[in-house]
């Protein structure tokens with residue numbers, strides 16, 4: 001009780017010290033958080049991966065498969081078939097092949113009604129099921145391949161389809177399966193996969209009436225795990241394991257370990273984020289290499305876009321990874337499909353051993369290399385340090401208000417709660433309205449100005465940005481110091497809370513947002529009079545951090561990164577086009593897949609930005 | 001002033017109706033934080049349906065409202081179309097806010113007279129009874145917990161109305177109405193029986209001498225017991241058997257339903273060895289219903305309203321099936337103690353904690369139930385933090401009232417020998 005109610009806690013030494021050193025303390029926390037984050041790539045700050053789930057029994061079975069010849073045969077047949085359908089999937093051939101293997105073969109039709117133009121696209125997935133001889137179809141494993149026609153812009157996956165068929169042929173003859181195995185060939189990349197998963201579980205993940213998944217005529221049991229294959233050639237040099245899923249969700253670390261171990265066991269080079277494990281003698285160099293791998297993962301995860309078809313499984317509580325194999329480019333040793341087939345076989349047989357769903361190992365982790373990991377307990381601390389600064393800032397502003405109130409005494413009621421509440425409320429309503437309105441914008445654009453969807457969306461979002469920027473420029477107001485401070489406190493706390501919640505779902509996004517936003521926010525204080533040089537710098541910084549402007553800049557940077565040789569003008573043009581596409585993609589992604597990046601940006605970050613903008617632009621009355 | 005009132009009520013009603021007619025209504029209604037086994041509208045619908053079929057809804061493990069409630073809800077479901085049902089919930093909520101406003105006004109007037117009688121505190125108080133009433137009603141109307149509770153169509157909306165009637169009749173010293181409302185609440189939720197203590201204290205405090213004092217107390221107890229007995233008999237007549245007891249009061253006491261909610265029971269009793277179950281149920285129930293009644297009543301006998309508030313808060317924190325509607329109800333009473341705020345210490349931290357838990361709970365719920373990357377411990381951690389924050393809030397208020405009393409007695413001047421003195425409780 002003494003601890004709870006000791007009044008010294010209110011105006012004690014600690015608080016006084018904190019109030020006095022607020023600014024330096026916040027910055028020390030920020031810098032400390034970033035340094036800690038960088039240290040995470042050091043071996044002392046992370047751990048070796050290990051198998052937590054004993055039921056997997058990795059690599060304990062005698063592998064029996066030899067898929068080299070069969071897959072070669074399938075490959076040549078398929079190449080021949082594909083030339084006849086350069087734009088679509090050879091459905092008949094695929095289902096005939098599955099049927100020849102005596103699998104339960106089903107075709108799944110789905111359609112997409114493109115949200116802005118009332119256009120309809122259709123597609124088909126084909127899947128065959130090997131029924132488990134030793135169980136009653138209550139559990140299943142999925143092996144999938146995204147089918148890509150010859151004219152596709154993506155890297156070829158024909159060899160993986162051949163491998164899938166060969167592996168299905170192998171599985172059919174074995175009698176030790178305790179789980180059904182679903183062999184799935186999907187069309188239209190992630191759309192097909194999303195539609196199939198929606199149909200399998202009988203749900204709609206995105207908005208109703210956009211991706212129409214229909215129903216499946218055949219099912220196996222509840223899916224325990226999934227392996228997605230993307231091998232680009234019949235002879236590969238290395239296998240990359242991709243894990244980042246929708247909204248930054250990750251599969252269980254055990255599955256990742258399993259894949260990495262099995263690949264290593266077959267003597268194939270394994271990589272993560274397309275970076276091989278390199279051992280430098282020099283500690284600094286080694287740290288730098290691992291840190292770059294780590295950051296590469298953070299950046300990929302932060303976008304919330306799945307790196308492969310595996311990413312869509314995670315939302316259903318299914319652990320999934322993609323194995324991507326690359327064609328020979330230099331003078332590396334090659335692995336043929338005999339080895340690759342054995343990798344797949346051993347992974348699937350390990351999964352077959354599972355007694356219950358993956359639950360043992362970590363679901364929240366970061367990886368600096370293929371064999372080391374940073375668990376949530378380790379990586380949360382730097383983020384909490386960074387965010388703690390914002391809390392401390394809010395607390396000290398609040399505390400100052402309290403003490404000044406106590407000193408004045410004559411007026412207890414300092415806040416105009418009504419006006420503050422309405423300001424906060426309106427900012428949020430504005431955000432939610434923008435979140436809900438892309439369809440409306442597209443409609444107006446196409447009806448009134450005959451613009452394309454991209455253009456009308458881009459124009460309306462540009463207008464919104466300008467409007468939000470300008471509103472305060474000429475609407476400079478002066479309100480009571482206490483009210484501005486209260487708004488500042490509310491916005492800070494909201495930001496901190498939102499970042500912590502985002503961190504639970506997508507740590508990387510929260511981390512990058514915090515790193516960018518926190519230092520500027522620490523500088524924003526409700527002020528009595530304006531005009532100083534620092535203030536104008538702050539304005540510029542805060543304008544750059546406008547969610548839309550910031551994302552546009554990121555896309556620009558990305559364009560520059562990808563096309564560094566272009567001239568400035570063509571870069572700008574490219575960036576402009578990329579921006580338009582990125583905007584449409586993020587909106588459409590949120591509608592089809594339920595990617596919440598766009599929703600969070602408009603409904604959470606934008607209101608917070610607006611509140612701080614109000615704080616910056618309003619100057620307080622001089623207290624009389 | 002009246003324009004402000006009107007606009008507040010209109011705005012609150014509109015927000016509720018808009019949300020009720022939006023796509024979010026279902027999501028909100030299904031949230032475990034909003035609907036528990038005791039108050040979910042889904043279960044009411046099921047129970048009424050069974051009842052109309054001639055099946056005793058108390059035979060299964062589904063329906064936990066009182067038979068009187070069952071009868072009323074049957075009429076509601078039978079004769080009211082969807083929109084009227086929504087309207088009924090909204091109007092009930094608005095009425096509750098109105099009752100609370102009356103309570104606040106009465107309480108503020110009482111405080112003011114007390115101050116004048118004491119004459120120690122010569123400060124000119126800036127808050128008139130009207131502003132206090134406005135704040136309390138706004139606190140109820142725009143309380144997000146209450147809005148969610150109303151939009152989720154829980155029967156807690158009606159319970160809250162009864163609570164507010166109990167409070168207002170306590171402030172108005174109406175013996176019959178306080179007994180009536182508290183008896184109804186007791187029949188439904190058992191724990192509100194503790195409200196009889198502040199009601200009796202407040203009503204008896206008007207007595208001129210000792211004898212009338214005793215007279216009041218005895219009358220209160222007699223009326224309360226007879227009303228409660230009458231209610232039980234009516235319930236028996238509606239159902240024709242006593243089977244409802246096991247599924248209403250028994251359900252609350254023995255906690256057989258361990259579906260997660262914002263309370264502390266579910267996790268504890270899922271983890272518990274069956275052997276110890278009864279021991280811990282007994283201790284948990286004693287904690288919420290018996291432990292604090294006497295000490296708090298002795299300490300706060302001069303301020304029955306604060307006593308009622310602390311009973312409400314304790315019940316909302318520790319009861320077996322709490323929901324955010326209960327939490328929201330006592331939180332919206334906070335503006336009554338505006339004069340104590342200056343003595344509070346942890347307001348900011350508690351506020352942050354409450355906000356944080358409220359946002360965090362659905363987040364980890366989603367990860368636990370849907371994406372299966374988190375587990376029950378995460379959610380329990382959040383509910384535990386939520387309960388702790390509420391306990392901090394309550395102790396803070398109570399301690400602030402002690403400090404306030406001290407300040408009133410010994411003058412507000414905090415200077416001792418020319419130095420700033422602090423009030424310590426060691």
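Each Cβ is built from the backbone N, Cα and C atoms, and glycine gets one as well.
Nobody curates TrEMBL annotations by hand; they come from automatic prediction.
What you see is a predicted model, and the numbers here were worked out from it, not measured in a lab.
Within the listed segments A:341-357, A:358-374, A:511-527, TrEMBL records transmembrane segment for the stretch A:511-527. In TrEMBL, the transmembrane segment annotation falls on A:25-45 of the listed ranges A:25-45, A:46-66.
In summary, the transmembrane segment (A:378-396) does not lie against the transmembrane segment (A:456-474): fewer than three C-beta pairs, each 6 or more positions apart in sequence, are under 8 Å. Segment contact is absent for the transmembrane segment (A:486-505) and the transmembrane segment (A:539-561), given fewer than three CB pairs below 8 angstroms at sequence separation of 6 or more. Remote same-chain partners of the transmembrane segment (A:417-436), defined as residues 6 or more beyond its termini with a Cβ less than 8 Å from a stretch Cβ, comprise 464, 479, 483, 486-487, 490-491, 598-599, 602-604, 606-608, 610-611, 614.
Taking residue pairs at least 6 apart in sequence, the transmembrane segment (A:511-527) and the transmembrane segment (A:596-616) share three or more C-beta contacts under 8 angstroms.
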